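Presented below is the structure to which this report refers.
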Amino acid sequence: MQYHDQSLQTLKLGKKTEYISTYDRTLLQAVPRKLNRDDLGISTKQPFSFGADIWTAYEISWLNLKGVPQVAIADVEIDYQSENLIESKSFKLYLNSFNQSQFENLQQVEQILQQDLIKCAKGQVKVRLNSLQNYAQQPIATLQGECIDEQDIEIRCYEFDPNLLENCTNKQWVEEKLVSHLLKSNCLITNQPDWGTVQIHYIGNQINREKLLRYLISFRQHNEFHEQCVERIFCDLMKFAQPEKLSVYARYTRRGGLDINPFRSNFEPIPLNQRLARQ
């Protein structure tokens, strides 16, 4: 059995599990980033210098010291240089374990979340808990850029094929932000669909939009975690388009009270966590 198979075999994802309602940090499970990065040839050195897995957790509740339930929404940033990514079902089960446990205040819960996620990810993690009153003021955002989805083309390829990007640039030097709402991949373990919007910001020779859209649609039956898909897109664009500067940012729809929004760039900092219409 390969190391890749052994690491994934222990995950709770796709298995019947018991929901525990008293705090238990051991419910968190890690997936080594090395698994996917070995395949991409970037385990030793990544082609991006900025990045995070930006999570929003909508289903967080605990009891105060008088036994009254409290609720909040969390913004979580897991640094791309962390050794592990966090497996999503284990994160959901872990958050559920707060439900019947008492904590002094929101700040204590925030501190515990951050400490536990740092240990699991083995890297930098930022956590901010938001009251519902504060979060309700956050507007629905849009990713800036030109949408490439309305092209009048015929699509027949739904199997992942990076070679669809071959000869994808012309000689015109541009800075562009391109957006597609048609990103869809499948969970590596359960095969459940993952729906996302992706923004590609680059400086370099102009990328052919038809080729780019065909490439993105080819993820439609591809099985990989969200974070891995974004790193694959980044690496493929660097290989075939060879831009001077590149950012890839995907915002995926919510599942189990969590959305995951990976960002990778070689030139710009991590964006604010602003939800889109489908989130």
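The backbone N, Cα and C atoms fix where each Cβ goes, glycine too.
Feature annotations, reproduced from Swiss-Prot:
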type	residues	note
BINDING	ILE86, GLU87, SER88, HIS226, GLU227	substrate binding site
BINDING	SER88, LYS89, ARG255, GLY256	NADPH binding site
ACT_SITE	CYS187	active site, thioimide intermediate
ACT_SITE	ASP194	active site, proton donor
For this session: Identify, among the binding-site residues LYS89, HIS226, ARG255, the residue whose Cβ has the fewest other Cβ atoms within 10 Å in this structure.
Result: ARG255
Seminar exercise, completed: For substrate, with binding residues ILE86, GLU87, SER88, HIS226, GLU227 per the record, max Cα distance (Å, no decimals) returned as 11
Exercise. Ranked by the number of other Cβ atoms within 10 Å of their own Cβ, which of the recorded positions ILE86, CYS187 ranks first?
Worked result: ILE86
Exercise. So for the residue listed as 'active site, proton donor', how many other CB atoms are inside 10 Å of its CB?
Worked result: 23
Seminar exercise, completed: Here the 10 Å Cβ neighbour count for GLY256 (NADPH binding site) comes out at 15
Exercise. Setting ILE86, GLU87, SER88, HIS226, GLU227 aside, what same-chain residues sit with their Cβ within 8 Å of the center of the Cβ atoms that define the substrate site, listed in sequence order?
Worked result: VAL31, ASP53, LEU85, PHE91, PHE225, ILE260
For this session: Give the three-state DSSP assignment (helix, strand or coil) for SER88 (substrate binding site).
Result: helix
For this session: Give the distance between the Cα atoms of CYS187 (active site, thioimide intermediate) and ILE86 (substrate binding site), rounded to the nearest whole Å.
Result: 14
